[in-house]
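Colleague: Handing you this structure, nothing more for now.
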């Protein structure tokens, strides 16, 4: 049997930054009472798909969030066997170091969160390019991300439209370049006007999972047709009868996998661990610190 190994084009390594808003305010257009659970599950599937990329392509995944329930779920994901499961030669420390959660210190919406995350990523890993990725891509496949990042590596800044052609699912900046995120209505055109090279025509329909973000029930149906990840499948199987996220989406939870204050269970197969953050303090930006 012949095994094909993809190597990053031009030797470019990436830090992928994903913003995740408070779960109680997430996916308000998704007309389901369990939308908070689904928002978290889709984010976890997105993160796991990115982490399945080769380490020389994606050096780290940085999630920017202030949501405690998401924080807990991501921290338990940190030490799960899913991180780097297809790369058994990686040490546990090397696997967990790829997943970084930082607080959304601006706390002023999606774009300030991305600016904050990109700045910390560039300070910690100045030789890496930065990619801002939507956190609602439950059908994302690692080869799709590899293909998109390989194309993006040829440009100082690049953008990929969502399935509708008007929004943005991926915005990239080479090492030393400014990301300039402007996510929101008609963001694809806005990013193009700011100088980002459009990858949509080049990639076309070859990356359907990457372009299928989920905001509505119709979007969710299309993602399910493409094939969603294990966390989203579990959330959909649990259905409307699962506990919903409480108003404050608080609580760090315990090893049971449930956030005590929120009542939102971590999707099955994810075990307890520790959380790693990058914090800005007197020692300068980008210092790694562990939290119990």
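For all residues, glycine too, the Cβ spot is worked out from N, Cα and C.
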Colleague: Pick from 164, 166, 168, 216: which one does Swiss-Prot list with 184, 187 for the same phosphoenolpyruvate site?
Modeller: 168
Colleague: Between the binding-site residues 168, 184, 187, where is the Cβ count within 10 Å the lowest?
Modeller: 184
Colleague: May I have the list of same-chain residues other than 168, 184, 187 whose Cβ is within 8 Å of the Cβ centroid of the recorded phosphoenolpyruvate site, in sequence order?
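Modeller: The answer, listed by sequence position, is 167, 181, 182, 183, 185, 186, 188, 190, 191.
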